[in-house]
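Participant: According to TrEMBL, the record shows the following:
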TRANSMEM  20-40  transmembrane segment
TRANSMEM  61-85  transmembrane segment
TRANSMEM  105-123  transmembrane segment
TRANSMEM  144-163  transmembrane segment
TRANSMEM  186-209  transmembrane segment
TRANSMEM  230-262  transmembrane segment
TRANSMEM  268-293  transmembrane segment
Amino acid sequence: MSGRNSCEIAVQLNESLVYTVLNLVHLITCVLSVVLAFRLQNAWHSRVYFHANVKMLLTTMLCLAVVHAITMSSFLFLNLFSWLFADSNCDSLMFNGTMCLFLRHPTNVCIAGLVLCQLSIAVERVVATWIGPEYNTYSNKIGRILSVSTVVCAVVLLGPLLASETTFEKQINCGFPSYTAQTHNWMLMLELLGLDVLSVVVFLGVYGVSKYMKEGAMFQLERRYQINETLYVTKLLLPVTFVHFLLFAILCSAIVLIEMFFQDPFTIIYYEVIFYTAPFYTVLFPLIILHVITNLDRDRKSKITVLVSENVTGQPGTRAHFESLDRMWGCSTPVKGGSPRPTPV
């Protein structure tokens with residue numbers, strides 16, 4: 001792309017109200033992501049009881065979402081600032097390549113880290129299921145190892161993309177990779193899409209195995225508790241992983257179609273910004289988990305209500321519960337309002 005064409009595209013984008021509104025919408029979603037991340041952090045510390053390893057990995061996900069929102073907000077703010085205050089010339093409408101790289105690379109690392117964190121939680125649940133009840137005695141060492149490994153793997157995964165970037169050319173939008181890095185950017189997106197598919201498959205496998213094991217652990221309290229924890233984590237993370245896969249699939253499909261049917265660089269950038277879905281994931285991720293937590297809390301409270309207050313086959317719930325235990329174990333402990341059952345000789 002020649003310098004003259006880049007200038008023309010920058011001017012066109014600067015004059016486009018829709019393009020500016022899209023940047024503003026993305027900026028708002030980034031701010032909401034930070035607010036919701038802190039809201040979710042407070043929610044699961046007070047309402048959710050997980051193994052320390054799961055909490056550490058979920059906290060890592062939230063930190064990555066917050067850093068992603070902050071770094072992305074920086075170059076979105078630059079776009080809006082240039083629209084409001086810049087003159088219609090190349091120097092004021094285009095951004096320094098080095099500055100763009102410093103803003104864009106941490107954003108990409110966070111996107112990759114979020115995907116890898118989802119997979120790490122799935123792997124952690126596989127390890128917990130394999131080890132069994134003894135896993136509850138483990139410290140958060142596995143969580144620390146997986147959290148650090150997630151960030152390191154994200155940096156390594158972006159190594160080829162970073163190596164192919166150029167910084168000597170000014171850029172129209174800091175959110176887009178430089179022209180020389182487009183191929184590696186495509187490879188990264190496909191790799192993340194593949195990791196999403198792998199995460200969904202692992203979560204579904206863990207969920208199926210846990211449901212099967214739960215049937216055989218009726219009277220193994222510690223084992224049953226761990227299985228329920230795995231089912232709970234899966235119910236939280238499976239929708240999040242699926243939504244990430246869906247948004248990334250939409251983005252990849254849209255880019256393929258846009259670059260197949262359009263030749264004009266302005267049109268390509270314009271439509272790719274429309275279909276850029278990463279900020280919406282960082283908003284939906286905490287929203288989905290908060291929604292699932294609320295629903296699971298509601299189900300738990302309704303079960304407690306049935307147990308202690310509602311009638312079950314004409315009897316109070318507590319009476320029906322303890323009489324069923326009495327029949328199962330042959331217990332002679334009297335239930336309030338009833339007569340003790342004689343102990344068999």
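Glycine is treated like the rest: Cβ placed from N, Cα and C.
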Participant: Counting only residues 6 or more past its boundaries, what in the same chain has a CB within less than 8 Å of a CB in the transmembrane segment (144-163)?
Facilitator: 53, 56-57, 60, 64, 101, 105, 108-110, 112-113, 116-117, 120, 123-124, 177, 181, 184-185, 187-188, 191
Participant: Using a threshold of three or more Cβ pairs below 8 Å, and leaving out pairs closer than 6 in sequence, do the transmembrane segment (268-293) and the transmembrane segment (20-40) count as in contact?
Facilitator: yes
Participant: Could you pull out which residues elsewhere in the chain have a CB under 8 Å from any CB of the transmembrane segment (186-209), counting only those six or more residues past its ends?
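Facilitator: Apart from its flanks, the transmembrane segment (186-209) reaches 108, 111-112, 115-116, 118-119, 122-123, 125-126, 129, 157-158, 160-161, 230-231, 234, 237-238, 241-242, 244-245, 248-249, 251-252, 255.
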